[in-house]
Amino acid sequence: MFKYILQRIFLAIIALIIISFFVYVLVAAFAPDPSQALAQKRLDAGGSRGESLDSIIQKIQIENSLSRYPENAPDGKALQPIPIVVRYFNYLDRIFHGDFGMPIDPDNNPNPDIYTTMFKLFFIPLRYTLIISVPALIFSLFGGIAIGVFAGYKRGKLFDSISNVIVLIFVAVPSFILAPLFISIGVKLGISPVVKDLDRYSFSTVFVSYLPPIIVITLTSLSAYVISTRNMVVTVLTSNYILIAKTKGLSAPQIFFKYVLRNISIPLFGLIFGSLLGLLSGSVIIEQYWNVPGTSQVIVNSFSTGEINVIMFSTLFFTLIGLIAAILTDVAYVILDPKITYSSKSKRNYSLFLRSYLERRKLAKELFAAQKQAESEVANG
């Protein structure tokens with residue numbers, strides 16, 4: 001098991017490098033250049049008198065390691081852009097030294113006095129994302145499993161039909177449609193259309209303002225748990241070992257805890273980490289509607305302005321969380337069900353296969369030669 005975990009960690013590192021490389025190349029090649037916007041601001045502010053826009057851009061690009069002067073350049077005027085691949089490996093080198101960079105344009109930093117490092121710029125807003133994501137995960141997890149189990153036991157009946165219709169509605173209707181509807185309903189009920197800050201408002205006001213986005217995220221993520229749980233419960237209840245358990249006289253609670261819950265818990269456990277990652281990265285639309293000061297504000301602004309350092313940090317964070325979740329899920333499978341084993345070395349003896357193959361080739365050649373000799377003797381005879 002330990003060897004398997006080491007293999008997965010090694011593969012996760014390779015996957016992280018590959019993903020980060022492609023993201024860096026695509027952003028560097030096609031995203032807007034923030035140095036041009038910053039240079040235009042400096043030129044408009046009159047802070048670089050006597051300099052042209054191109055010279056200001058070149059100075060900013062040199063400061064941020066986007067361009068460089070080659071060696072032996074006459075008068076230092078032969079400025080050349082650094083190749084994207086070289087810039088990527090320079091970025092990796094800075095990461096290993098603990099430097100994740102900052103936004104190239106300081107105006108793209110929402111609060112320069114507080115967000116003095118990339119960690120603060122990303123993780124301080126992340127707590128607001130967790131405020132709406134974690135409760136939504138808990139409610140959707142327990143609520144979805146409970147509804148799915150009950151619907152599985154009542155398959156084909158009224159509750160099963162009603163739950164299926166409701167789930168399909170929330171699957172079909174996207175969150176950017178539900179959000180305006182809940183904002184309108186909240187305004188009618190006297191709930192603020194934007195979330196409130198605890199430093200300025202009472203706890204009850206802040207709590208109520210966070211309810212609509214939490215409810216919307218819960219409803220959209222609840223459907224996956226209901227559908228998965230219901231289908232797995234139906235599969236388990238229609239299996240042969242459940243019929244055998246019933247013939248042995250086991251009660252319904254005994255069958256549920258011994259067979260149903262155990263069999264559905266393993267695949268459901270794999271959904272939890274994926275759901276949390278999906279909620280953290282997928283709450284961008286909801287945060288925009290309710291003006292939640294979470295990571296979505298940082299990520300959306302970084303893509304629109306081409307702040308590659310912020311984009312890369314968020315990419316590395318969410319990718320790393322996803323890879324760790326995948327490894328933990330595999331380990332949890334074995335803990336929940338010891339029957340599951342990891343792949344081991346093949347018992348096939350490839351050297352024996354090779355010797356047998358060579359021996360067959362040798363015998364085939366000898367038979368072919370003997371056949372040719374016999375044919376020639378017959379022809380000469």
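Backbone N, Cα and C define each Cβ position, glycine as well.
Per TrEMBL, the feature transmembrane segment maps to 9-31 (among others). For the transmembrane segment (9-31), the list of distant contacts is 84-85, 87-88, 91, 303, 306, 308, 311-312, 315-316, 319-320, 323-324, 326-327: same-chain residues at least six beyond its ends, Cβ to Cβ under 8 Å.
Summarising the annotation, TrEMBL assigns domain 'ABC transmembrane type-1' to 126-329.
Annotation comment: TrEMBL describes 128-153 (among others) as transmembrane segment. With a cut-off of 8 Å between Cβ atoms, the residues of this chain six or more beyond the transmembrane segment (128-153) that come close are 159-160, 163-164, 195, 210, 213-214, 217-218, 221-234, 237, 260, 264, 268, 272, 275-276, 279-280, 283, 286-287, 292-296.
If one looks beyond the transmembrane segment (165-187) by at least 6 residues along the same chain, the residues whose Cβ comes under 8 Å of a Cβ in the stretch are 193, 212-213, 215-217, 219-220, 222-223, 226-227, 285-286, 289-290. Residues or ranges marked as transmembrane segment in TrEMBL: 165-187 (among others).
If you look up TrEMBL, you'll see 207-227 (among others) marked as transmembrane segment. Cβ atoms under 8 Å from those of the transmembrane segment (207-227) belong to residues 131-133, 135-137, 139-141, 143-145, 147-148, 151, 163, 167-168, 170-171, 175, 178-179, 182-183, 185-186, 191-192, 194-196, 201, 268, 271, 275, 278-279, 283, 286-287, 289-290, 292 of the same chain, restricted to positions at least 6 beyond its ends.
As annotated by TrEMBL, transmembrane segment applies to 268-290 (among others).
Sequence-remote contacts of a segment are chain residues at least 6 beyond its ends whose Cβ falls under 8 Å from one of its Cβ atoms, and for the transmembrane segment (310-336) they are 1, 4-5, 8-9, 12, 15-16, 19-20, 23-24, 27, 31, 91, 100-101, 103, 108, 118, 121-122, 262, 265-266, 269-270, 273-274, 276-277, 280-281, 295, 298-299, 302-303, 342. The transmembrane segment annotation in TrEMBL covers 310-336 (among others).
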